[in-house]
Amino acid sequence: MTGGKSGGKASGSKSSAQSRSSKAGLAFPVGRVHRLLRKGNYAQRVGAGAPVYLAAVLEYLAAEILELAGNAARDNKKTRIIPRHLQLAIRNDEELNKLLGHVTIAQGGVLPNIHQNLLPKKTAKPGKGPSQEL
């Protein structure tokens, strides 16, 4: 057996450490997700691809919600996303509302909704009706 601490790599190659998140092109931490999967007692063993996939799904969901919340903030002429914008974004999107239907968002408020029976009756305008001339 030759070598020492080279770990099977050629002794001349110097490679900087690269995180699994950067290898996968993700912003969410793959290492942390892997640790949480192991410590959470979800299964005895966790595959190498599972935390990468889960981190990618979480990043996609976060990006989707933040995009819709940013649109809601812009509609309200605000530059900062607040919980109300998150609530409006989630409840107005059919799939996100189904996914997060039982989730309560603190300081989110409610969706504006007025029942049709409570709205004022629409009446015909006096100038638009049939003429009363003979």
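For all residues, glycine too, the Cβ spot is worked out from N, Cα and C.
Copied over from Swiss-Prot, here are the features:
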- 1-10: compositional bias 'Gly residues' (COMPBIAS)
- 1-26: region 'Disordered' (REGION)
- Lys5: N6-acetyllysine (MOD_RES)
- Lys9: N6-acetyllysine (MOD_RES)
- 11-25: compositional bias 'Low complexity' (COMPBIAS)
- Gln107: N5-methylglutamine (MOD_RES)
- Lys121: site 'Not ubiquitinated' (SITE)
- Ser131: phosphoserine (MOD_RES)
Intrachain residues whose Cβ lies under 8 Å of the compositional bias 'Low complexity' (11-25), provided they are six or more past its termini: 3, 31, 34, 51-52, 55-56
Candidate with sparsest Cβ neighbourhood (10 Å radius) among Gln107, Lys121, the listed recorded positions: Lys121
Integer Å distance between the CA atoms belonging to Lys121 (site 'Not ubiquitinated') and the residue listed as 'N5-methylglutamine': 34
The compositional bias 'Low complexity' (11-25) - residue tally per DSSP class, helix then strand then coil: 5 helix, 0 strand, 10 coil
